[in-house]
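Chemist: Handing you a structure now.
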Amino acid sequence: MSSPPHQENTSPDSKDEESRHLLTAPLPQSTSPLINGDADDGEEEFAYGSGEKIHVVEFDSVPIDGVDYSTVPPFSWKKLWQFTGPGFLMSIAFLDPGNLEGDLQAGAIAGYSLLWLLLWATVMGLMIQLLSARIGVATGRHLAELCREEYPRWAGLLLWFMAEVALIGADIQEVIGSAIAIKILSRGVLPLWAGVLITASDCFLLLVLENYGIRKLEAVFAVLISTMALSFAWMFGDAKPNGKELLAGLLIPKLSSRTVRQAVGVVGCVIMPHNVFLHSALVQSREIDLKKKGHVQEALNYYSIESSFALLISFMINLFVTTVFAKGFYGSEQAGSLGLVNAGQFLQDKYGGGLFPILYIWGIGLLAAGQSSTITGTYAGQFIMGGFLDLRLKKWLRALITRSCAIMPTIIVALIFNRSESSLDVLNEWLNVLQSIQIPFALIPLLTLVSKEDIMGTFKIGPTLERVAWTIAVLVMVINGYLLLDFFVSEVNGLLFAFLVCAGTAGYIAFILYLISHGGGNVANWFNLLRTKGYDYAGQ
C-alpha cells in the first residue's frame, strides 16, 4: 500500500496546495489487514476508496495562516450541500414498503390517533442514526468493521449471521413491494415473480451508478424520494384529511387496547438493523482528516443537520400515507383487510379516477419506495459482509453475492403469494418478527462501542447521552419483545415446537446479556456490578 499523501509530498508547494483544502484524506487508524493489506491481493476493503470520496474544499477568502484546526470552522451553506447525501440514503429505510404497509394499517385501524407515536418514533430513530454516523466519522471505520475487531471471532460471526438474516428479511419485503407496484402499473400483465426478477436486477444498476461517483448515486436517490413525496402528497391532497383531527393526533398522545398492535408496528418499523450498519459507512464518503478535531466535529454537525432534514421529509411522507388511509378507511369494513396488494384498488374505489387515477399514483410511490430500498439493501449488504468477514472481493462480486442471498427465497415467496394473496399477511408477520429479533444485535454493539474512549477518543458520548440512548434502545427492544411474545403465543403450537422456541429464546437472551457485559461504558459496568452482587448473594 502506498504512503499517505502527506508523507509523499514534503515540498513547500505541495504543502501550500494541501492547505487549500478543508479536509484531507484520513490516515489509516487500524493495523488490521483489512486496512493495510496489499492492493495486489484484491480490492482494499475501505468503505470508499480514496478516489471515490468527495473532497470538501475551503473558501479562498478564509485565511490559511494561523488556522486553529482544533476549533470548528464557521457554518457554510456550501459545505452543508457538500455533506448532504448520506442522510437521504439512510432515510430510505424509513420509507420502505414494510413501513408503508405499517402506515396504511395504522391509519385504517387507529385513524389519526397514532400520529404522535409516528413523530416520536422518528425522533428516536434519528438519535440512533446520529450515533451510527458519529461512530463512522470519528473512527474512520464502519460498525461492521469495529464489531469484527472488538468482539471475539465467534461473537463477530454470530453478529454477522444475525445482520445477514435481518437484511434478507428486509430485502424480501422490499422486493415484494416493488413487484406489487410493477403488477399494478402493468395492469396485471406482469405477475409477481416477474416483478421480483426485474427488481432483483437493481444490483447491476447500483454498480453502473457507482462507476459515475457517489454524487450521481445520491442524485438518483433524491429523485426517488422526490417521486415518493410528490405521489403521496398528491394522494394527501385528493383525500383532504381533517386538519383539526390531524393536529390533535400529532400533539395528543392516545393509545387504546385495540390499537396496541398497530402502535408496536409503528415503532418496530423505525429502526432497521441493516440501516444502523449502513449509515456508519455512508458518512465515510466525504474526506475527513481524523487528526483535526475541529473538522471531525464540523462533519458531525453537518451530518446531524442533513440527517434531521432527511428524516423530516420521511416523516412527512409517512404522515401523508397514514392520514390518507385514516380519512378514507378508519371505521370501515375494509380497515382490517388492507395491505399493500389491495390498497391501491381500495383507494381507487374510494376516491375515484380524477385527473390521474389514484391507483397508479399509489403504484408509482410504492415502486419508488421498493426500488430505492432494495438498492440501499444491496449497498448495506456489501458493507456488512466485507466488514464482518474481512473480505477483499470486488464490489460487483459482493453486490452479486448479497443480492443472490435474497433472490431465491423472494422468488419462492412470490410464486406462493401469486396463488394466494392471503398468505401476504402471514408472510409480513413472520418478516416483522424476524426484524424485531435482530434489532438488539445492531443497537447493543453500537451503544457499547460509541461510549468507549479507546475507540471514540474525545468523541465518545457522555453519561447523559448514553443513558438517553440506552433508554431508547431498551424501549424499542421491549416494544418489539411484546410483538414477539404476542406472535409466539398465537402461533406456537405443539410441545416440540414450544421446546425449541424456549431453548432458542434462552440462547437469544444469553447472547444479548453477553453483548451488554462485554462492552464498556456505564451500562456495562452497572450490569457487571449487578451480576457480581448476584453471585455473592447466591454464594451466601
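Cβ coordinates come from backbone N, Cα and C, glycine included.
All TrEMBL annotations are machine predictions without curation.
Annotation source TrEMBL lists compositional bias 'Polar residues' at 1-12. Marked as region 'Disordered' by TrEMBL: 1-42. What TrEMBL records for 109-131, 151-170, 190-208, 220-237, 263-283, 309-330, 359-380, 400-418, 470-489, 495-516 is transmembrane segment.
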Chemist: For the transmembrane segment (109-131), find every same-chain residue at least 6 residues outside the stretch whose CB is under 8 Å from a CB in it, and list them.
Modeler: 87, 90, 94, 103, 241-242, 245-246, 248-256, 258-259, 262-263, 266-267, 270-271, 275-276, 279, 303-304, 307-308, 311, 314-315, 318-319, 322-323, 326, 330-331, 335-336, 443, 446-447, 450, 461, 468-469, 472-473, 475-476
Chemist: Using a Cβ-Cβ cut-off of under 8 Å, list the residues of the same chain that are 6+ residues beyond the ends of the transmembrane segment (220-237) and lie near it.
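Modeler: For the transmembrane segment (220-237), the sequence-distant neighbours (Cβ-Cβ under 8 Å, at least 6 residues beyond its ends) are 88-89, 91-92, 95, 209, 313-314, 316-317, 320-321, 323-324, 347, 356, 358, 361-362, 364-365, 368-369, 371-372, 375-376.
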Chemist: Quick one: find which recorded stretch in 190-208, 309-330, 470-489 has the most Cβ pairs under 8 Å with the transmembrane segment (263-283).
Modeler: 470-489
Chemist: Does the transmembrane segment (359-380) come near the transmembrane segment (190-208), with 3+ Cβ pairs under 8 Å (pairs 6 or more apart)?
Modeler: yes
